[in-house]
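Notes to accompany the following structure.
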Amino acid sequence: MEKGILLIDFGSTFTKVTAVDLENPGVFYTAKGPTTVDEDINIGLEIALENLARQIGHLPYFEEKLACSSAAGGLKMIAIGLVPELTLEAAKMAALGAGAKLQKVYSYTLTKREIAELISLKPDIVLLAGGTDGGNKEVILHNGELLAQSELTCPIVIAGNKNTQDELEELFINCNKEHYVTDNVLPTLNKLNVDPAREKIRDVFLKNIIEAKGLKKAEDTIDGIIMPTPQAVLKAGEFIAKNKIIDNCERILIVDIGGATTDVHSFSKGEPQNNGVVFRGLPQPFAKRTVEGDLGMRYSLNPLIEALDSESLLKHETQEVEKMVGEILSDIWSTSSIRDDFEEDLAKGAVDLAVKRHSGYLEITYTPHGINYLQYGKDLTDIQLVIGTGGPIVNSKNPGGILSGSLFKESDNLTLRPKIPKFSVDKGYILSAIGLMVEKYPMLAKRLVEVNFSIIKGGN
Amino acid sequence: MGNKTIVTGVIGADVHAVGNRILDYAFSQAGFDVVNIGVLASQEEFIQAAIETGAKAILVSSLYGHGEMDCRGLREKCEESGIGEIILYAGGNLVVGKQEWEPVKEKFLEMGFNRVYPPGTLPEEAITHLKADLNIE
């Protein structure tokens, strides 16, 4: 490789680099080094590049260097709305879709106690929503005033009732608080509008947050830190689904198991599929991301085991489970002694629970005309492809077994999980790198997807 | 906007969608901002929609005869939710079987509804009432 582009992912622990050959599409190399936010982010990046050079034989000329980051806690956000099921839910979707980690959410009028708690959480951005356009004004104005007068120092993105924008802007200007106004996340009850808020969050992330995270130091080396890592994964998924790149599948689910969280991304409309089903609740976005903070294979191992039903762990003796958990937790990054089948069961359990929480569900209602069904959330039964990524899946000998945790279950037939999907694995662990490329290098990204992903056993 | 926002929908386990659409159309034509939450709607959904949109009235439709059961407690829940003053209308086949209208009406007024309409009422009647109740025009 002589000429390539470099894609960097500053993770919480590792800095991962991917070099893509510009002249031979489909050829790529990956390497990693530690993430060194505390000293200088460039130190870890240098190590990763040295490892990369060792593989290729030399370091190629990089025409462009693009990066995403979840280092230093990623993008930590707080979402505020009015009714929990309505504008707060819309605000949550906007923040998660921007790749944020939600620390806490608040609804209705904020109390001083809540403001104090919010400040103590040290968020990177606060998203303030509430009221449909022309709807309730009092609550968002009350909350805006408390925030404006508080000691909060982070930027505030305002995406609520448009009829409160002028007043809120004035409040924040008077208190000299950094703020950004954008379109309402829920202009009317039947219309979700999260894209403008997502874009604004991304702008603010670019403008301020990377500096606060010590990533600014890498800016001379790279051409730009573009987005939080989860947003890169979301972009990659959207690209793969809309262009039907893998086996012509256009309705896709991505499951990403990490050490602290399990992320699920779905790309489909998720509308009811039968006549007798009535959709209730908030409209759903085509690209939807949920994050399960209690389901992870390392930092969140204990809550994961607590959440699993005993069936998944029954084949292992309790004592043995405790011993293995102890080993994992005592040395989080060295897992050489952990048995594969145990890791696999845990990973399958994490996929099972995370996909269950992400999927929509039916509620039965008895009417004088017979049984009717109410659908909340997305119907994912017609998902065609489930893609697995994240260390526990990518490094597993039996990824199909782990991904089978995502499937529809007769014993839980009101949860609308995928019924007959195919399975694929992110072999080269490059999903976020693909997300970084899709805007500027769609053809190269497409070729990379074709090379990296293939259909594996276990699915249909 | 604001003063002319109303929430409409069909309450309970009732799936009658047509009358609801007609009401949506008629009230929209009359200048109201209609937030139509559709069929099979629960009391909570009416209230949540009213809070979020700052609606001034909730218009509940019911055609399948169980309206009394479905509407009971709505006023109290509105009060608990901080929108106790909101105008509440109900209309349709509100009770089981063929009952005399006056006692039915009384029952609904006691339940905290401001106006109640029997089957066959034209939308214009309710529109005129709502304009009066909201001091519009």
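Placed from the backbone N, Cα and C atoms, the Cβ positions cover glycine too.
Features of the protein shown, as given by TrEMBL:
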BINDING   B:ALA13, B:ASP14, B:VAL15, B:HIS16, B:ALA17, B:SER61, B:SER62, B:LEU63, B:ASN93, B:LEU94, B:VAL95, B:VAL96, B:GLY97  adenosylcob(III)alamin binding site
DOMAIN    B:3-137  domain 'B12-binding'
Task: Near chain A - the binding-site residues B:ALA17, B:SER62, B:ASN93, B:VAL95, B:GLY97, filtered by Cβ distance under 8 Å - done: none
- [ ] Determine, from DSSP, whether B:ALA13 (adenosylcob(III)alamin binding site) sits in helix, strand or coil.
- [x] coil
Open item on the list: In the three-state scheme derived from DSSP, which category covers B:VAL95 (adenosylcob(III)alamin binding site)?
Closed with: coil
Task: Residues satisfying Cβ distance under 8 Å from B:ALA17 (adenosylcob(III)alamin binding site), sequence separation of at least 6 - done: B:VAL10, B:GLY38, B:VAL39
Task: Residue distribution over DSSP helix, strand and coil in the domain 'B12-binding' (B:3-137) - done: 56 helix, 27 strand, 52 coil
